[in-house]
Amino acid sequence: MKLDYRSYILACLAAAALSASSAVAQDTIKIGVPMELSGRFVAYGASGKRGAELAAEVYGGKVAGKKIELLHRDIQSESQATISVFNELVNKEKVNYIIGPIASPTVAAAIPAWRQTKPLWIVPGSSSTKLEEEAGSEPEFFHAFPYAYHYHQSVAAALKSQLPTGQKVSLVFSDDNYGRTHQPYAKKYLTEAGFEIVAEEIVRTNAPDMNPLLTKIARSKPNILLGLVQTTDAVTLTKQIYTRKLPVPYLVGTAATQLDEWQKAVGPAQEGWIGVTTYLPGLKRPGNRDYPKLFPPSDEWEAAFIKKYGQEPDFEDAGCYVSAMLLFLAIEKAGGDDKAKVVAELQKLDVKNTLLGDAKFGPTPGGTKNQAFSDVVVFQRQSEKNVMLFPPGPTVGKIKSAVQ
Amino acid sequence: MSTMLSVRDLHAGYGESSVLQGLNFDLQKGEVVCLLGANGAGKTTTMAVLSGLVDASSGGVNYDGQDLLAMASHQRVEAGLSLSPEGRKVFPNLTVEENLVLGSFNASARAGRAARLEEVYTLFPRLAERRAQSAGLMSGGEQQMLALGRAIMAKPRLLLLDEPSLGLAPMIVQAVFEAIRKIAATEITIFLVEQNTHAALSVASRGYVMSAGRIVHAGSAAELRQSPEVRDAFIGGKSARTIREARHA
Amino acid sequence: MHYIPQLIVDALLLGGIYTLMVIGLALSFGVTRVINFAHGEAVMLGAYGAYTIALVSGIDPLLALPLLMVIGCLFGMALFKVAIEPVLKAPHVNQILLTFGIGLVLQNVAVMIWKADERSVVTPYAYSSFQFGEVFVPGGRLIGFGVAVVLVGALFFWLRHTEFGRATRALDEQRDAAVLVGINVKRMYALAFGLSVALGVATGVILSFIGAISPFMGFHILVKGFAIIVLGGLGSIVGAVLGAFLLAFAETAVSYYVPNGTGWAEAVAFAVLFLVLVLRPRGIVGQAVAD
């Protein structure tokens, strides 16, 4: 018996020694953060990086006893660079977790590279339904952002809640991937909500003169104009509508309306434009009672953000903050760097009242297994401030006509 | 008499082909000299090299004490070397007057432009009549007068004329050479390339004959006029055929 | 049919903008026979110049216009001497690649300085408009049209009535004879190129308050400019002006009368380009070009 006891202690010591050495060799948890840090979508990527960093800091820098190591990479808003970065993260760094990128074309470019080892992939962006087709059914894929049809369900519901029935809608959409994917959903949900589509005009990206189509639209006397265009086209459309004093009371844009750059570029023309986003300062979300430090009330979080960064947060600051936090929670619950376990925990998570709303990943009718945050906020620019129009709640205001 | 132009061992060509194979000749101040030769002998190339349109590959040209080949085209015009090119090359969409005014573009010629313009109009009354017309719409003879007038507007000291009779009817040729004679009466040195030997020798005091990129014969106007072999063999015509037939007989 | 008065107004104003866009290109090609593939970037930099001046000092783009044009001209002349003069005798493909490369470099410099998001200058007159019955005339574009008229008029005056202008026309028509009358061809080329850049910059300044600007806007402008130049006739400035208005009318008419016409606008430019190349390669007014 003495012999057995000693061997037992020796065995324990040996096991302890072995596990200690492996702990030394692997005491960080690597998370890939590929973002558009330059190029066309730099506004999104810069926010994304910031959100993830802030989350790591607030969480305390360590998860499941190990140090959080965020591997930030610049995909330059280019497909080729995205593929190279993903290859590096997946094959060389062998990360188990990736957050990002954000823009639809870059996310699309990453899919084949991601498939090589299929790390846990949280995409806090891309409304493209093609993404759903190609990656949605994979259990390791988590979409933390609405799809185009979610957008338009909410827009239709928002307009319905604020306006009387029988409104006429005119649609302007760009002749590219963005416009062409959004247009059928806009039509479907607006029609279902009781609106009549009276005019539709397609516009080539970088069109120098949208006046002819505006003249044609004016003739059908719509109450609502929905502009499914991006970047420079959004600026041109807004300016030309304002210059000709188009007699359409309700102007709906999509992502551009919330962006600082659009607002600065169009100046007074922004008044009355309605926008759609996942998050906006001033939402006054209550915060989560179980994790008050990680998910404080949105007012508190915004104040802390402004104090630290000197500017207001935008939707990708919040989006990537929340996505990173959820990942950390899942890793904590899984007990460590075990991809399969973390996937399972992330799927099970149910955290109410994060900055983007209730966090629960579930299936969509379109085939995504893990979808969260499909609700969008609809707001209107009134006197250079954001007024919430939807979803209904205590902070919601009244829609205003853009025509004086 | 002092030397206006001195050409030594001049070689030049286009791309791979070499056209001038070592040209040598002199021009004295105030002379009227003609350069004769068959098509392809290199006469126009010679003019092009002197005016700077084409670069020389080797050799030297001394122009009134200066190294001509070291000067850019516009500098040569500034120094008083002016070419009326083969084919006239008027500015077609500009008026006659604009063409002439452009002739005096270079700085030293701008002073006295108005006076010289009147001189040209006196020399070529037809141009005065048509001063507001587009140059491209004029007849060949009128364009030749215009090209000549334009070259004179540059206040030249050495006037190069390349084939002024080309494509013109005999009566017009007479009128053109009448004008050249008048110009020749001034102190301007004239170097004249011509296929029409009769017209050329009517105004030049002496001439050179060129063949295959070299000067092969030189002589006074009188000598060249009376040398049937030289004249006909290189310029072609009835005598040349007779000589050839005689040889084969 | 009731669109016609508005159509005419829209087309005229668009034509004015197109003219500005293209006239510099016509000048530089007509004189130097080099197609400047970086012309779109001259426009882009003019737009950003106006934007930056407005941002930093609050000076209106129209006031900054003369200064920007002068800077553009000097820059263009320097660029010509340094980069383009050496390749004047090179094959056209080399020249095209060179100017295209310069354009790419300028684009990326712009991205580095101003980031890639879209900008625009907000001025009071940019949003003004006039209503004549059913027809509406936007103030910003009207001003752009006015600037185009002034600049084109000034260019034509310069060409007709000044020494260098006359020399430029001569060079345009008959290069050899221009050399023979003592025109310093290299200096004229640099001047023509500098002026063409200045005109491009002017276009950019106008676009800065009419629409949106981005570092990549140059490419579309170049493509359209090229179509117009071919339509009007390579090397002819008058042709370029005619071509600009013709294309503006064609595009606007298509926008109004063809369903989804605004989506076809770019196609119109290419269709016109194709037709011209097939039916009348020298363009409306242009001279035949050997290559």
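A Cβ is built for glycine as well, from the same backbone N, Cα and C atoms used for every other residue.
The annotation transmembrane segment is assigned in TrEMBL to C:7-31 (among others).
Annotation comment: TrEMBL describes C:63-84 (among others) as transmembrane segment.
According to TrEMBL, the feature transmembrane segment maps to C:96-114 (among others). Packing against the transmembrane segment (C:96-114) from elsewhere in the chain are residues 34-38, 40-41, 44-45, 48, 51-52, 79, 83-84, 87, 215-216, 218, 222: each is 6 or more residues past its ends and has a CB under 8 Å from a CB in it.
Under the heading transmembrane segment, TrEMBL lists C:135-159 (among others). Long-range contacts of the transmembrane segment (C:135-159) within the same chain, counting only residues at least 6 positions beyond its ends with a Cβ under 8 Å from a Cβ of the stretch, are 5-6, 9, 12-14, 16-17, 19-20, 23, 27, 62, 65, 123, 125-129, 165-166, 168-169, 195, 199, 202, 206-207, 209-210, 237, 241.
Tertiary neighbourhood of the transmembrane segment (C:189-213): same-chain residues 17, 20-21, 23-25, 27-28, 30-32, 34, 36, 39-40, 42-51, 54, 61-62, 64-65, 68-77, 79-81, 84-85, 88, 118-123, 125-126, 140-141, 143-144, 147-148, 151, 155, 164, 168, 171, 221, selected by CB-CB distance under 8 Å and a gap of 6+ residues from either end. The transmembrane segment annotation in TrEMBL covers C:189-213 (among others).
Listed as Cβ neighbours of the transmembrane segment (C:225-249) (distance under 8 Å, sequence separation of 6 or more from its ends, same chain) are residues 11-12, 14-15, 17-19, 21-23, 25-27, 29-30, 33, 35, 39-40, 152, 155-156, 159, 172, 268-270, 272-273, 276-277, 282-287, 289. According to TrEMBL, the feature transmembrane segment maps to C:225-249 (among others).
Summarising the annotation, TrEMBL assigns transmembrane segment to C:261-279 (among others).
The list of residues near the transmembrane segment (C:63-84) in space but at least 6 beyond its ends in sequence, with Cβ under 8 angstroms from a Cβ of it, reads 32, 34, 42, 45-46, 49-50, 53-54, 95, 98-99, 102, 147, 189-191, 193-202, 205.
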